[in-house]
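Encoded as structure tokens, the structure appears first; notes follow it.
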């Protein structure tokens, strides 16, 4: 049983800028797992932080929780042009993940936002909400991953056809995302390599999602492409960030070398992502039971 005092202590860790970023991330994911209005309130309070990486992750977690009570704060973040593009983008995606049609018109409004990552995200969220309306809600068949995705996986099963759809930049972004998630769900080396080819496509939003799904797959075949994207200083920081976190999740020795090489990167979101990814690497290669260990750390402060 989790006490209110414990939830508050985890929340205090999240909102305390004096805490190491890794500890704040673990607190965030602990709150996400706990759920409920108190957890949402603590997560919402951290949107005035100066770390774009942390704020982006706050929005991501609120979307994954799929709790309507998070809609007002996510709308505020989407509307706030002082927030970094990657934060506003994640708020738009989170609104799509929650799946409530009440936000459809607002998402349509921001589908023409001057920030292209925000506009494309809201276009995808609109398509997702429309798809949910047409198909009577979420699919009853769950894939191998627990995440709430910006698009449902395509029904096509042929990897060659899916690769072709993924890389065809003339197709609607929503359809390419559907191919992306179908390849992820298929798993294996061929699917991972097909996805890794997407890191060369034109849309930064698309490339960043490729990095995300490769991190979910944790297939080492994609390590060279992820490391190359991370090492490219002209690549969009949002893409480099996802590639860093993917390398942390894959957790092979080559990943460790790539992350250490960029832990002092001049781009803040990249170096912070490498810090968090190194913490994830430690978790993946260690004996810790779970990453979201905020409660365990409270109960065993010496560990």
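For all residues, glycine too, the Cβ spot is worked out from N, Cα and C.
Quick look at what Swiss-Prot lists:
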BINDING   56, 241, 242  Fe cation 1 binding site
BINDING   89, 90, 208  Fe cation 2 binding site
MOD_RES   1  N-acetylmethionine
REPEAT    23-49  repeat 'HEAT-like PBS-type 1'
REPEAT    54-80  repeat 'HEAT-like PBS-type 2'
REPEAT    87-113  repeat 'HEAT-like PBS-type 3'
REPEAT    175-201  repeat 'HEAT-like PBS-type 4'
REPEAT    206-232  repeat 'HEAT-like PBS-type 5'
REPEAT    239-265  repeat 'HEAT-like PBS-type 6'
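A map of Swiss-Prot features onto the structure.
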residue: 1; record: N-acetylmethionine; Cβ within 10 Å: 3
residue: 56; record: Fe cation 1 binding site; Cβ within 10 Å: 25
residue: 89; record: Fe cation 2 binding site; Cβ within 10 Å: 27
residue: 90; record: Fe cation 2 binding site; Cβ within 10 Å: 30
residue: 208; record: Fe cation 2 binding site; Cβ within 10 Å: 23
residue: 241; record: Fe cation 1 binding site; Cβ within 10 Å: 28
residue: 242; record: Fe cation 1 binding site; Cβ within 10 Å: 26
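Per-residue confidence over the repeat 'HEAT-like PBS-type 2' (54-80) averages 99 (mean pLDDT, predicted model).
Here the repeat 'HEAT-like PBS-type 4' (175-201) is broken down by DSSP into helix, strand and coil counts: 24 helix, 0 strand, 3 coil. Within the chain, the repeat 'HEAT-like PBS-type 3' (87-113) has long-range Cβ neighbours (under 8 A, six or more residues past its boundaries) at 47, 52, 55-57, 59-60, 62-64, 66-68, 70-71, 74-75, 77-78, 80-81, 119, 121-126, 128-130, 132-133, 137-138, 148-150, 205, 238. Outside the repeat 'HEAT-like PBS-type 2' (54-80), and at least 6 residues removed from its termini, the chain residues within Cβ reach (under 8 Å) are 21, 24-25, 28-29, 31-32, 35-37, 39-40, 43-44, 46-47, 86-100, 102-103, 106, 110, 118, 122, 147-148, 241, 272. Note: the Cα of residue 90 (Fe cation 2 binding site) and the Cα of residue 56 (Fe cation 1 binding site) are spaced 6 Å from each other. With a cut-off of 8 Å between Cβ atoms, the residues of this chain six or more beyond the repeat 'HEAT-like PBS-type 4' (175-201) that come close are 124, 143-145, 149-157, 159, 162-163, 165-169, 207, 209-211, 213-214, 216-217, 219, 221-222, 225-226, 228-229, 239, 243.
Note on proximity: of the recorded positions 1, 89, 208, the one nearest residue 241 (Fe cation 1 binding site) is 208, by Cα distance.
Apart from 89, 90, 208, the Fe cation 2 site neighbourhood in this chain, defined by C-beta within 8 angstroms of the site C-beta centre, holds 56, 85, 86, 87, 93, 117, 121, 205, 238.
Rounded to a whole value, the Cα-Cα separation of residue 89 (Fe cation 2 binding site) and the residue listed as 'N-acetylmethionine' is 35 Å. Separation of the C-alpha atoms of the residue listed as 'N-acetylmethionine' and residue 56 (Fe cation 1 binding site): 29 Å, rounded to the nearest whole number. The separation of residue 208 (Fe cation 2 binding site) from residue 242 (Fe cation 1 binding site), Cα to Cα, is 6 Å.
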